[in-house]
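S.K.: What follows is a structure written as structure tokens; I'll ask about it next.
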């Protein structure tokens with residue numbers, strides 16, 4: 001029998017120390033990685049429940065194990081809530097991550113050697129959309145689309161390539177693209193060439209849930225997403241689909257790709273979806289957009305260039321070449337000043353992928369901890385202060401002190 005009073009710090013002090021150190025880092029650093037956020041205590045509590053003990057292969061009401069009547073309730077709540085959020089016909093909440101969700105779509109509709117079309121990783125796409133080293137690039141013939149000279153999606157070139165290559169599947173979505181995506185335009189092209197239209201909305205899902213970024217669900221055959229990032233849930237994936245595709249997608253997830261679903265994570269997804277249905281979630285997402293605009297405008301005023309000239313979402317790419325610093329160097333020096341970002345290639349980047357000429361900045365996490373316009377402006381100026389003198393240790397120390405004072409005023413978990 002387990003004793004609930006015996007906790008991690010007693011049974012595994014090494015792991016407890018690592019957890020405590022990571023908690024301190026999250027509280028002390030300004031989190032600016034666009035794909036990261038802070039899950040609520042309720043979401044984290046759901047992940048720590050006894051639901052982790054339950055095997056539940058199959059779907060609610062159709063399990064291969066007994067004793068699933070209560071985990072069925074949790075999964076059905078997650079399904080119903082995510083359908084309500086996005087207006088979807090059907091939903092699968094079992095994918096372990098966004099990549100698994102994307103792979104399930106490929107398994108449902110494609111055969112090895114089929115042609116797919118996705119956004120080039122070098123111009124803002126995601127590695128699961130056809131990158132050469134990813135299974136999507138190894139198993140399928142990939143035709144990529146990219147940006148025009150204004151650094152906006154080149155819809156005309158995309159349409160032309162689609163008619164030339166006749167892909168079986170067209171993917172819209174990105175991991176480093178700051179503007180709105182015209183899902184209706186993609187849908188028309190897909191229909192014209194007879195392709196399945198898939199949207200990976202992982203980065204934009206929270207904004208879409210709040211109704212402040214275009215919703216792809218009315219236009220796409222299938223929509224995949226992560227449940228963390230801007231949606232602010234646990235780490236995991238979902239697939240939304242037209243009713244006629246539900247059987248194929250469900251079979252692709254189980255038994256096609258996965259066995260037992262993670263019922264504790266699915267319960268946490270349900271909690272996050274309920275949070276996303278509340279009025280305050282829209283207020284939060286509106287502030288995410290405002291903070292991103294303020295950060296972008298402030299960085300421009302300090303001599304930095306924003307790829308595409310602006311942001312219309314939570315994310316932006318920053319061209320660092322005017323500061324004579326690489327993305328790799330900027331990531332390290334900003335980290336030492338307690339601001340966490342990630343290096344990121346910019347379009348036509350002359351540097352290697354592990355070096356880069358840019359960084360990606362996002363505002364979901366800073367907004368969760370309570371930052372508004374003024375704090376966003378302060379943060380952007382602190383970023384610029386570091387980039388103006390990245391090798392001056394006194395400058396880094398001064399910025400770090402200001403960051404620590406700011407994060408102390410706005411604790412994540414109190």
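In case you wondered, yes, glycine gets a Cβ from its N, Cα and C as well.
Small disclaimer: the values here were computed from a predicted structure and weren't measured.
Annotations for this protein, taken from Swiss-Prot, read as follows:
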type    : residues           : note
BINDING : 121, 125, 126, 127 : (6S)-5,6,7,8-tetrahydrofolate binding site
MOD_RES : 229                : N6-(pyridoxal phosphate)lysine
SITE    : 228                : site 'Plays an important role in substrate specificity'
S.K.: Other than 121, 125, 126, 127, which residues of the same chain sit close to (6S)-5,6,7,8-tetrahydrofolate? List them in sequence order, counting a residue when its Cβ is within 8 Å of the Cβ centroid of the site.
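M.R.: These residues sit around the (6S)-5,6,7,8-tetrahydrofolate site: 118, 119, 120, 124, 128, 129, 130, 131, 134, 174, 175.
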S.K.: For residue 229 (N6-(pyridoxal phosphate)lysine) and residue 125 ((6S)-5,6,7,8-tetrahydrofolate binding site), what Cα-Cα distance in Å is obtained after rounding to a whole number?
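M.R.: Pair distance, Cα basis, whole Å: 16 Å.
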S.K.: Under 8 Å Cβ to Cβ from residue 126 ((6S)-5,6,7,8-tetrahydrofolate binding site), same chain, six or more residues apart: give me those in sequence order, or none if nothing qualifies.
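M.R.: Non-local contacts for residue 126 ((6S)-5,6,7,8-tetrahydrofolate binding site): 118, 119, 173, 174, 175, 200, 202.
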S.K.: Using the alpha carbons only, what distance in Å do you get between residue 127 ((6S)-5,6,7,8-tetrahydrofolate binding site) and residue 228 (site 'Plays an important role in substrate specificity') once rounded?
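M.R.: If we compare the Cα positions of residue 127 ((6S)-5,6,7,8-tetrahydrofolate binding site) and residue 228 (site 'Plays an important role in substrate specificity'), the gap is 18 Å.
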S.K.: CB neighbours of residue 121 ((6S)-5,6,7,8-tetrahydrofolate binding site) within 10 A?
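M.R.: Result for residue 121 ((6S)-5,6,7,8-tetrahydrofolate binding site): 24 other Cβ atoms within 10 Å.
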S.K.: Taking the Cβ of residue 229 (N6-(pyridoxal phosphate)lysine) as the centre, how many other Cβ atoms fall within a 10 Å radius?
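M.R.: Its Cβ shell of radius 10 Å holds 27 other Cβ atoms.
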S.K.: Out of 125, 127, 228, which of the recorded positions has the smallest number of neighbouring Cβ atoms within 10 Å?
M.R.: 127
S.K.: What Cα-Cα separation, expressed in whole Å, is found between residue 121 ((6S)-5,6,7,8-tetrahydrofolate binding site) and residue 228 (site 'Plays an important role in substrate specificity')?
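M.R.: Cα to Cα, residue 121 ((6S)-5,6,7,8-tetrahydrofolate binding site) and residue 228 (site 'Plays an important role in substrate specificity') are separated by 21 Å.
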S.K.: What's the CA-CA gap between residue 228 (site 'Plays an important role in substrate specificity') and residue 125 ((6S)-5,6,7,8-tetrahydrofolate binding site) in angstrom, rounded?
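M.R.: Computed Cα spacing between residue 228 (site 'Plays an important role in substrate specificity') and residue 125 ((6S)-5,6,7,8-tetrahydrofolate binding site) is 18 Å.
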